[in-house]
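K.L.:
Here it is, the structure in full.
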């Protein structure tokens, strides 16, 4: 049977990500965000909602998958453009979710009559994202609070509030007396000057803020005030020398990356084409960078690989059992939003080479659009050797250089940065690499403390606690299936040694077993590196003519770790997605976030835990994979005052998707810009040779 083909004629224009609405998956434009917030205001007033509205999130509600595929294949109309709006009514403590229809091609003057609120729901028992505006509000409330100022003066002699820095955190574990209220907690630090690293000077004050009431309702502190850590440990370019006692390194010569003929990729609207890959770029407030409709151009056919892929959720639980640090557990995607916290990337610093940027569009508390310039970076880079062989009999060498397309985004969550790097390779490999950097979240201790059970002293009186970074990626595959993946089967692959016996008389044999995962419960799996465990996503409807087996892609774990918190702990309940490395569920529109739509102050998982209660069949169910991976971070002195990047991720490789190495058509080349660095003697000899010639 021939591989499935996606229609790739629905070309986008050359507009930027901000301006384009050429495809149903393009993010909302600034004008659409304004229209959505205006429609919600009108509807709320008509529904009798009194008091000021505080907008939380406005983003595209993606079309149902079936509608999108029908449109893509010319079998159905263009899906209706819709905005998903989360909005708060702080005076009443109410939270509403709205879906707004935004007809296309409507003049601004006619939008009020055309835009329709399709759904309006009062959502009970949950809290939406704590946005950057919420974090700023919490900081303002705390720094204006008379009791906080009094405690700073009495316990630390601090009378200048401008020196105090507040790190806002969502609340992990709401005290019983405060349940149902919209809260944030904060950890306080001090700077000795504007550029000083505040994490070298933690304080023992942890205020609790009610955002709706606009006041501090509780303050946690040590029984006796700790001594403020005095040591200056800085990374800022103007202060680093005082920390290291050294000048800048003198031997850092420039490495310039140039492409005189321009990049090998082309971009039309939000559709990227590069070396047979086609990727549609999306962006939203919750997940940040989203990959849509990833396919491989095979001659005149565009073969589907992924329908959608994104970072669905993550959790950063801390391992200190002491109060108030038991409340320290970030679920950054749901708590703060990967898109809302995205950086504007800098040319020549964050991204090297010939760069194409996409802007991101999010919203603020007033329902206005905010454009994040250069939120997503696209470039290609050398990736070392692709393949090589020396035929010693002929004295002939064939070698090819590898390269990869990079789509990247970096988000800042108070102290930490997370870089999301999607790589696409010439041989059909897809890789996600999360890059962890930023600054350790610290707490104060005795200045002489050395041997700590749950962390490490990184400076006198400064403690960095042990913690984990656990990520969950949602993968909606479409391996050679133009219908979006309905017929796909997920199977587990293990390598197993054979015992001595008639089939293995010399003890050297091992075999590969492949087990189809045919139900939700059987597909809840852990990685097993000693068995080379991986998971194949197969399309039984498309058979490879060489192997006689279904074409497939293989999800291959890389460095990974289990969640170390107890399954029945609050972390274990909320971050249920991290209790296994793999889940597979039937596709359901709207099931996008592993821990649920709303995780702030949650007490259980409202996502995968609910969706996997029933042992549903996965046959013909359009399976969606949820892959969790992470790293256990045991801080070290070398991670302070700023942490060198640590990486973690996974790969997806074609497995019988092609009939041979798909890079045989990569042409041989010699990089003419490369130069050999000769020793002084060799340089002298070469100069003499040139003189004689």
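Cβ atoms are placed via backbone N, Cα and C, with glycine included.
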K.L.:
Of the ranges 642-667, 668-693, which one does TrEMBL list as region 'Disordered'?
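P.N.:
Residues 668-693 are the ones TrEMBL records as region 'Disordered'.
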K.L.:
DSSP-wise, what's the residue breakdown of the domain 'Copper amine oxidase N3-terminal' (131-220) into helix, strand and coil?
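P.N.:
For that range the per-state counts are 32 helix, 26 strand, 32 coil.
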K.L.:
Which numbers of helix, strand and coil residues does DSSP report for the domain 'Copper amine oxidase N2-terminal' (23-100)?
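P.N.:
Tallied per class, the domain 'Copper amine oxidase N2-terminal' (23-100) gives 25 helix, 22 strand, 31 coil.
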